[in-house]
Every structure is written in structure tokens, then in C-alpha cells.
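Database features (Swiss-Prot):
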type	residues	note
TRANSMEM	6-26	transmembrane segment
TRANSMEM	54-74	transmembrane segment
TRANSMEM	78-98	transmembrane segment
TRANSMEM	124-144	transmembrane segment
TRANSMEM	150-170	transmembrane segment
TRANSMEM	175-195	transmembrane segment
TRANSMEM	201-221	transmembrane segment
TRANSMEM	227-247	transmembrane segment
TRANSMEM	252-272	transmembrane segment
TRANSMEM	302-322	transmembrane segment
């Protein structure tokens, strides 16, 4: 299949499926009068979002899964690499589904315990490494033009840290309408370009499909959001993004490409550390997007600013990689 068609066709199909089924999902939640419970310690004006349909990740994850499998078969790109990335999306999405379901059933903002999420994420990372070894892919990191060979044990620990860390980083970023959807589109587009230049058309197929699904989802997720992606969406996207970075062998570039996710996570770590050590907070609220909200920024202003940061950082990364 022509490389451009490989990008456009799955993206369009994922977009159409998402646009068709998200409104049905929204209608289902509204009829049942179920929706997201908003945490009380967040910005007070977020309380008006309480009851907004959630678990939108269920729709776009299914769209991604269906399109990847169909086009993987049609284009003969259904290789182990594509399957393991898709598996990470599904497994981490399932953890998010479980988490979101508990919140809905118990009508609270707390779902799975931290250790339960962590255990599931670690299992996914171990299976990812197993496929890596089976496919005889390099157990090393690309570092300033050099290969840093880690070996099986260190690479396994790194993969666990990377997959767990970025799935949670994306989850932390999902605090205002549309932010993660837009940022994930930018990140997957960047890695799609990298995969294209590497000739990894299976990874390119996955990235294109995710972009199409998220373009369909953001129509309903931008401010004011008609639906949230929930943990099912954010954990899945974060895990899949980390997996793609490992498969393209440009893992550390994700620190730049996904700088917004790193910044959000760092703001939480700094806030907690500062409060425990000094009793004072660095930010008005964390993650940092809430700090800007407390400073009077609108959600749209935060979205556009953070997306621009993401685009600039991705352009810098591509300039060094390509």
C-alpha cells in the first residue's frame, strides 16, 4: 500500500468511527444520569463539570483497536511490534476502565488503589520487554548519537519506569478540557514522522490511527467538554506513547516531544516535596495547568499555550533526529 494511503486511510476510518459512536456514548451516560465526579480539592469552578459523561477512551480505544487490526491485516503490517503496542493500549485502557467503573459505581473520584494500577502497568511492561527480546531488538538507549547498552535487567527496569511513568504523566495532564487530546495528537504525529523516516510502517500505521481517533474525539472533548476520556483514555495513550518511543528507539526524545507531560508531572513532584520539606507550596495548585487556572487563565488559553509548547518541542526533537 502507498505510504500516504497507509497514513490517511486508517486515520480517516478511526476518525469516522469515533465521530459516529461518541455521541451514542454520551447519550447512554446522560440517560443513565451517570458521569464524572469532580474532586473537591480541585478548582471550585470545576464542580459545574460534575456529571459530565466520562470513559470516552472506551470509544476511541475500540476504534483504534479495530482499525489497527483490519489495516494491519490488509497491509501485512500485523507484526509483533504493532501487536505489542496495541496490547499496551488495550491493557492500560482496561486498567483505566476498571478505575473509571469503580468511580462511577461508588459515585466518588477515587477508583483503583495505587498498587493495583502499578501492578497492572508493570505486567504490561514485562510483556513488552518479552516481545522486545523475542524480536531481537536492541536492549539499549540512543544517547546523543551513541548507544548506551543496558542489558536485559537494566532495560527491563527502564521499560517499566518508562511505561508506568508516562502513562501516569498523561493521566496527570488530563485535568482540563481538550488538553491531553491535543497534546497526544502532537506527540503521536511526531513519532509517526520518525517511524516514516525509519521505514517502520507498522508503527506509522498505529500512530496514524491514534491521530485519526483523537481528532474525532477532540470535537466532543474541547472546552466545554461534552465527554471526558477518563483514565481509560489517558492511561492507554500514555502507555502507548511510551511504547512507540521504545519501538522507534528514540526513547529519550520523548522527554522533549512529551515535555508538557513531563512538566505537569514535575510540578506535582515539586509541589509535594516543597510542602513536605518546608510546609509551603510552589504553585497555587498542581498539576501546573491548575496553577494557571488559579492565575485567571481560561482553559482555552492554557490548551493553546501548552499545545504550542508541544509543537515547538516536537519540532526541536525532529530537527535533531532527522
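Glycine too: its Cβ is placed from the backbone N, Cα and C atoms.
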Sequence-distant residues near the transmembrane segment (150-170) by C-beta distance (under 8 Å, 6 or more away from its ends) are 88, 92, 118, 121-122, 124-126, 128-129, 132-133, 139-141, 180, 184, 234-239, 241-243, 245-246, 251, 254, 258, 261-262, 264-265
Cβ pairs under 8 Å between the transmembrane segment (124-144) and the transmembrane segment (302-322), at least three: no
Honestly, do the transmembrane segment (175-195) and the transmembrane segment (227-247) touch, with at least three Cβ pairs under 8 Å and pairs 6 or more apart in sequence? yes
Winner by Cβ pairs under 8 Å against the transmembrane segment (201-221), considering only 6-26, 78-98, 227-247, 302-322: 6-26
State, in range form, which of 6-26, 78-98, 302-322 has the highest count of Cβ pairs under 8 Å to the transmembrane segment (227-247). 78-98
